[in-house]
Amino acid sequence: MNASKASKKRKAVTRDVEEEAGVFSGDELNADNLDGALSDNANDLSSDEDDSDSEIELVDEFSEDDEDDEELDSDEIPSDGEDAVKKKSVTTTDKSGEIAEDAESSSEEEELDFRIEKDANGNDRFIYDEINPDDNSEYSDVEENSNTIGDIPLSFYDQYPHIGYDINGKKILRPAKGEALDALLDSIEIPKGWTGLTDPSTGKPLELSQDELELLRKVQMNEIPEEGYNPYEPTVEWFTSQQEIMPLSAAPEPKRRFVPSKHEAKRVMKIVKAIREGRILPFKPPTEEDKEEDNVINYDLWADEAERPDHIMHIPAPKLPPPGYEESYHPPPEYLPDKKERKAWEEADPEDREQEFLPNDFGSLRRVPGYENFVKEKFERCLDLYLAPRVRRSKLNIDPESLLPKLPSPEELKPFPTACATVFRGHKGRVRSLAVDPSGLWLATAGDDGTVRVWELLTGRQLWSVKLSEEDPVNVVRWRPGKDALILAAAAGDDIYLAVPPIVDPEVEKASLDILDAGWGHAASVPALTPAEANKKNNPPKWIRPSSSLQESGVCAIIPLRYIAKSLSWHRRGDYFVTVCPGSSTPASVAIAIHTLSKHLTQYPFRRRIKGGGSPQAAHFHPSKPILFVANQRSIRAYDLSRQLLVKILQPGARWISSFDIHPTSSTASGGDNLIVGSYDRRLLWHDLELSQRPYKTLRYHRKAIRAVKFHPGGRYPLFADASDDGSLQIFHGSVTGDMLSNATIVPLKVLKGHKITGELGVLDIDWHPREPWCVSAGADGTCRLWM
């Protein structure tokens, strides 16, 4: 306000005020009793106290608290604009005449800003004029958007054009809403403090002040809204951090801290007594019958929950690969890097490393420390999940049968043996070996009874028999190749017997005897051994003549090997045959022997044991090359006899090789060598020497060990078979072509069953007819069977 307006005085008529209840004394309040109490204003008010008009000067220097205590003798409630009148407070009395006189006497002062009217009861009512504040008035600071209707929801006036009433009872009209043009202008030029919201108390647009905007900015920026607040005030140690040596209290520990409580013991005994009397029963879960009696209903919150279908573009995240052995806290030694590998890993760039860590051996799980790259790996996994694009790969609907090779039907591959035609009975005990002669007329068998028998193949009639040993079984029997002579070789005990059965024409029999007798003259021409050579242990044996009884039976020569031979194989020309003694007590230098029929000569080609794979098991000559194949327990070696060199080593992968056979057309029309190998671990393996040292095919069709395998001789029929201890034979089709780009075709054809399993042994040997698709098998049940 201006100084002139501030210095103006205003007179008002006082009225009698009743005594308040809070005043205990009956004396009136007198100015004399306040002597010295208001010493600061005593001089200023001394001149005014003597005035006879009893004027009360209301100066702006009075405090607002004193002004608020004054009451208005009016029926109206002052409005917000009328609050400024309190700065010029006027106290009036109930006498209107005095007011009028005072108003006339104060002509120098302003006219009063109210008028007096009569209300309905005839009392005086003061009506104040509206205040028009100017720039010099503090009423200009009234907030324009302030709520003047009180705490009343605006929803009460939704059906009315106004939103409430002001202090004088006038309707406050609803603020006009901006049209589309105003909204466009507001969006272009955003006014200061604009929020785009509506104040629910006034219905007007909500505008924020600068302080409120600053408060919101601090909250958004995670700053402290309050000014002057220090979040890092020094710590106040309410409890000292210094450890005291002496206790604060030296009182001894009370006895109640280490003595059981008697009151608790009494309560426990009461509970125990109640349990014993049956008044307290242990909790038992209610049965379903009790629940039904109590009508207990259990509601399943997720009973009707339906699975939410995934979004049409949802692609599940790819799963992480399972951990390997290198991620174990105690990995195998082969996974642990050595110093060289560790140094190479540390010097390599992180992008060039095969793995992000080096395997370590901690011994036990409790010694495993924290993984330092755990957070990094999880973070990279999260990056891959939400940043890397995903592609839905359509699964290939492939019929599993289409992946199998298309094999011809067995009906198209006939002929092959399908049924048993003849059964040969006569041996006592197991029949260990058999062989069909090159003409296909006779069958020779050998068994545990020490005899060799010759049968007519088609009829099953026994034609000849000879007993070679009383104690030892005959392990193997083989016919000499060629039709010009008929010579049978049999291994019984430590000896090899060469016989000519008297079942053929005299001409063939004479030719056979001449071949055997020619060797005696050559053996006689060999110079005798020196005493030094005679003292050697492993000298080649000399062929001897049999006893007279054996000679009458047809045995012509005996080769004393001194060790048990279990494998015998002829060369294709019929002048050589090789024997193998697989016993563990057999010296390595005499385990394999090559015998020359025309010279009655025995040679030991190996002076040392074959490296790796154990003792030798079988040996065969190549059908067209001077190559000898020798099989030990785990490998097969090919030796060139002309050059005396090791040609190739085959690794079938079997634990124990039992037998093997060479394809009869190897290196002729087929363009390569093919072998089949049988093993005691139930595997039948096909080897193609041109492909690899490993087997081309591995067949596992038997439940027990495979004893013998055999190709069809001559190559007329692409058949081969195997014999197993499970009492069955399996016939296969195995065709080999001369095309180097095509592999052998192997088709299972037939499973032949007829032999009985005796002593955990089944079929012990097998052989083919030289011209027909017939095969003959020898069983542990003492019989042989012809399959046609």
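Cβ coordinates come from backbone N, Cα and C, glycine included.
The feature region 'Disordered' is assigned by Swiss-Prot to 1-118 (among others).
Swiss-Prot lists 1-12 with the feature compositional bias 'Basic residues'.
If you look up Swiss-Prot, you'll see 46-82 (among others) marked as compositional bias 'Acidic residues'.
The compositional bias 'Acidic residues' annotation in Swiss-Prot covers 99-112 (among others).
Across the region 'Disordered' (321-344), DSSP classifies residues as 12 helix, 0 strand, 12 coil. Positions annotated as region 'Disordered' by Swiss-Prot: 321-344 (among others).
Taken from Swiss-Prot, the feature compositional bias 'Pro residues' applies to 321-335.
Confidence in the repeat 'WD 1' (426-465), given as mean pLDDT, stands at 93. Annotation comment: Swiss-Prot describes 426-465 as repeat 'WD 1'.
Annotated repeat 'WD 2' per Swiss-Prot: 469-509, in sequence order.
What Swiss-Prot lists as repeat 'WD 3' is 611-649. Residues 567, 569-572, 576, 578-580, 582-584, 586, 591-592, 594, 605, 655-668, 673, 675, 677, 687, 689, 693 of the same chain lie 6 or more positions beyond the ends of the repeat 'WD 3' (611-649) yet place their CB under 8 Å from a CB of it.
Residue counts for the repeat 'WD 4' (652-697) under DSSP, split into helix (H, G, I), strand (E, B) and coil, are 0 helix, 18 strand, 28 coil. The repeat 'WD 4' annotation in Swiss-Prot covers 652-697.
Residues of the repeat 'WD 5' (701-742) grouped by DSSP class, helix first, strand second and coil last, total 3 helix, 20 strand, 19 coil. The repeat 'WD 5' feature in Swiss-Prot is assigned to 701-742.
Summarising the annotation, Swiss-Prot assigns repeat 'WD 6' to 758-788.
With DSSP states grouped into helix (H, G, I), strand (E, B) and coil, the repeat 'WD 2' (469-509) comes out at 4 helix, 16 strand, 21 coil. Outside the repeat 'WD 5' (701-742), and at least 6 residues removed from its termini, the chain residues within Cβ reach (under 8 Å) are 408, 410, 413, 415-417, 658-665, 669-672, 674, 676-684, 686, 690, 748-757, 760-768, 770-771, 773, 775, 777, 779, 787. Outside the repeat 'WD 2' (469-509), and at least 6 residues removed from its termini, the chain residues within Cβ reach (under 8 Å) are 429-430, 432-439, 442, 444-452, 454, 463, 515-516, 546, 550, 553-574, 577, 579, 595, 597.
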